[in-house]
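Next up is a structure, given as structure tokens.
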């Protein structure tokens with residue numbers, strides 16, 4: 001029969017520990033978003049302090065955006081792999097410590113007079129910060145998926161991811177509050193107070209607070225039952241851990257069984273990136289990685305698009321947009337919405353909106369901002385409602401326990417490469433050139449229109465990948481998803497029958 005503690009988790013009623021796990025795991029995503037998205041206004045402040053109010057060179061600006069994203073991609077690969085080798089809980093705490101220390105490091109960037117020294121120091125600590133942020137992505141998603149029941153698993157993972165929207169919201173609120181306190185104005189030609197150099201450092205250091213506040217609770221979380229039972233092969237300890245934090249029935253026999261020396265289990269029948277792994281999970285990893293790459297191209301391009309003449313309207317609509325973002329992230333994980341169908345139709349909507357946004361950008365430049373801003377907000381809404389949330393959910397549900405964190409990290413790293421393409425590529429592709437002078441603040445209108453058309457093409461690619469390669473994961477246990485893939489694999493290059501039982505799928509059978 002199947003392992004009782006896992007089947008009990010799948011059927012468990014919603015209880016307080018689920019919400020506690022959402023908050024503890026979600027605060028990591030909150031911190032991630034705060035740190036990643038506060039850099040744009042911080043760079044604006046740095047330009048006033050160290051560049052005499054002139055726009056920062058495109059190369060320096062794009063590097064400052066890309067350095068943390070590159071660190072994030074690296075962290076997703078490294079810590080995602082360690083999460084499967086060492087354990088979710090241990091690596092989870094390490095990522096949090098890195099984020100706390102590097103946030104303070106960003107604020108204490110050396111030098112106060114030489115801008116080159118400041119930018120190099122800030123870039124170094126931003127890369128280290130990205131490592132911690134990157135590790136938090138696969139671990140938060142994996143831990144939440146392995147704690148949740150199968151009926152509301154998607155909604156719980158989406159609730160964790162929705163904290164990203166709250167982090168962006170708080171990032172902007174903190175930035176505006178600090179600017180008010182230090183009497184810093186964004187208007188051109190105004191004298192910048194000496195305290196402005198302290199202000200941007202303070203904004204970056206505040207990012208350490210939410211991570212520090214949740215460190216104690218994160219260390220109290222037990223290892224997930226699926227990792228303990230399926231990877232460490234300690235079913236008794238898995239049952240005890242879950243009984244300690246949750247009210248789960250029908251596992252008392254497993255929890256009270258004396259841990260007699262178990263017979264040695266056969267080694268896994270296939271390894272990461274082996275031929276059998278690629279046959280079973282290669283298509284899934286391809287779909288998850290490519291979809292995440294494509295959505296981050298669109299999402300980060302929109303977040304960092306140079307639209308200075310829209311700043312007043314953006315400030316008015318930002319809080320409304322982020323509140324909608326929180327709601328749509330939660331709704332996209334609800335059980336009545338199939339993940340694959342939601343992803344597919346959201347790609348269609350975002351493509352259609354970007355096509356119309358291309359036309360409205362020209363009208364905005366010539367006439368009015370209102371129509372463009374409506375489409376600008378709708379692109380954000382549907383990008384979050386479907387692709388941005390489901391690309392976070394699906395990898396956490398699709399892969400076997402011993403590869404889950406690694407594959408989620410690979411998918412997320414592909415996404416961050418897309419973010420680098422979106423931010424850096426968009427800055428260079430749309431900059432306005434007047435003769436021999438480059439205006440770094442205002443993009444070229446025709447280039448912006450071409451960029452919107454390219455983003456529409458990115459959405460078409462997302463539609464194609466979703467329709468032909470993405471599988472549905474909703475409504476089934478994590479083990480059922482793996483078992484179905486194993487059953488569909490008819491040809492094998494490696495032995496999968498050992499002592500009358502198959503590999504990891506049949507490790508779900510216990511004495």
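Using N, Cα and C of the backbone, Cβ positions are placed for all residues, glycine too.
Since the structure is predicted, the reported quantities are computational estimates derived from the model, not experimental observations.
Under the heading transmembrane segment, TrEMBL lists 21-43, 63-82, 91-110, 122-143, 155-178, 198-217, 373-394, 406-430, 450-469. Annotation comment: TrEMBL describes 478-511 as region 'Disordered'. Per TrEMBL, compositional bias 'Acidic residues' is recorded for 487-496. Taken from TrEMBL, the feature compositional bias 'Polar residues' covers 499-511.
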Out of 63-82, 198-217, 450-469, what stretch is closest in contact terms to the transmembrane segment (122-143), meaning most Cβ pairs under 8 angstroms?
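Counting Cβ pairs under 8 Å, the winner is 63-82.
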Could you give the residue numbers and ranges of same-chain residues that sit at least 6 residues beyond the transmembrane segment (63-82) on either side and whose C-beta is under 8 angstroms from one of its C-beta atoms?
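Residues packing against the transmembrane segment (63-82) from afar: 32, 35-36, 39-40, 43, 56, 91, 94-95, 119, 122-123, 126-139, 300, 304, 405-410, 412-413, 416-417, 419-420, 423-424, 427.
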Considering pairs 6 or more residues apart, do the transmembrane segment (198-217) and the transmembrane segment (21-43) have at least three CB pairs under 8 Å?
yes
Short question: most Cβ pairs under 8 Å with the transmembrane segment (91-110), which of 21-43, 155-178, 406-430?
21-43
Do any residues of this chain, six or more beyond the ends of the transmembrane segment (406-430), have a C-beta under 8 angstroms from a C-beta of it, and if so which?
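Here the qualifying positions are 58, 61-62, 65-66, 69-70, 72-74, 76-81, 83-84, 134-135, 137-138, 141-142, 272, 281, 284-285, 288-290, 292-301, 304-306, 391, 395-396, 398-399, 443-444, 447-448, 450-451.
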